[in-house]
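S.K.: Mind having a look at this structure? Questions to follow.
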Amino acid sequence: MIKQYLLVTKPGIIFGNLISVVGGFLLAAKGIIDYPLFLATLVGVSLVVASGCVFNNYIDRDIDKKMERTKNRVLVKGLIAPSVTLIYATVLGIAGFVLLYIAANPLAMWLAVMGFVVYVGVYSLYMKRHSVYGTLIGSLSGAAPPVIGYCAVTNAFDAGALILLAIFSLWQMPHSYAIAIFRFKDYQAAGIPVLPVVKGVSVAKNHITLYILAFMIATLMLALVGYAGYKYLIVAAVVSIWWLGMALRGYKTENDSIWARKLFVFSIVAITSLSVMMSIDFSVSSASPALLTYVW
């Protein structure tokens, strides 16, 4: 039974988000790490993300059974009662928000709240099922964790936080479209209006290319503005150019599914590489006026 409660939180998604939280936190910490704050931020974000994933599993249980990838999820198979799932998700969320508020700062908590509301309230409940722009809206919630990690340290939403938001939001788009392409039949069967299904794979390829170009600019800005060092800059340039090259090869591919799967896999390599590099190659001299400083 414990295993089912763990699976419904989508551990893989939690782990992926924690990598970005670490990147944002250590970028802001600049080598001076407050370990209790670091641990509290990781646990707090984990709880909030877990809560969002459980709510998402509850909301999507009707369409999950139509998709090959999700037909064996816990709620689809009835291994946990829906009513219990709601209580579980609520407890996880409250615990996460309270921990971020007490151990980090109110700004970190409110960023988590905004990411949660966008993911559960806007994306999962409505946009995912009714709009081709659902992925775009959902990308904002996916970009929240590194910003929370960053602001847990700075207690200010400055240019660095804004660039992180841009990097991770832009990354989500080609990453998600790639999934929709190699899982095309799943999304089509479930009636989910993702871009490749609604507009076609050719249009999705154009969007993927443009988003990767924008992603490249955003990643380089983190170093050019002075938040990260030249080693980060080199890695950011290499992974962005390589990812762009993979996207361009999609115009000549004979198998869209295989190409999209490779693009998806490399997207994980790319964002992980950037998270690691911003963690270890930060710039101690960067300073930027806060766009929003939360004083409590």
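Using the three backbone atoms N, Cα and C, a Cβ is placed for every residue, glycine included.
Model, not experiment: these values are computed from the prediction.
Here's the feature list from Swiss-Prot:
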type     : residues : note
TRANSMEM : 13-33    : transmembrane segment
TRANSMEM : 35-55    : transmembrane segment
TRANSMEM : 84-104   : transmembrane segment
TRANSMEM : 107-127  : transmembrane segment
TRANSMEM : 132-152  : transmembrane segment
TRANSMEM : 162-182  : transmembrane segment
TRANSMEM : 208-228  : transmembrane segment
TRANSMEM : 229-249  : transmembrane segment
TRANSMEM : 264-284  : transmembrane segment
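Show me how these features fit into the structure around them.
M.R.: Cβ atoms under 8 Å from those of the transmembrane segment (84-104) belong to residues 5, 8-9, 36-37, 40-41, 43-52, 54-55, 57-58, 75, 112-113, 116, 148, 152 of the same chain, restricted to positions at least 6 beyond its ends.
Sequence-distant neighbours of the transmembrane segment (229-249) (same chain, 6+ residues past either end, Cβ-Cβ under 8 Å): 174, 205, 208-209, 212-213, 215-216, 219-220, 222-223, 259, 262-263, 266-267, 269-270, 273-274, 277-278, 280-283.
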S.K.: Does the chain bring the transmembrane segment (132-152) near the transmembrane segment (208-228), so that three or more CB pairs sit under 8 Å (pairs 6 or more apart in sequence)?
M.R.: no
S.K.: What residues elsewhere in the chain lie close to the transmembrane segment (162-182), defined as a C-beta under 8 angstroms and at least 6 residues from its ends?
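M.R.: Sequence-remote neighbours of the transmembrane segment (162-182) are 20, 24, 27, 135-136, 138-140, 142-143, 145-147, 150, 194-197, 201, 204, 207-208, 211-212, 214-215, 218-219, 221-222, 225, 227, 243, 247, 256-261, 263-264, 267-268, 270-271, 274, 291.
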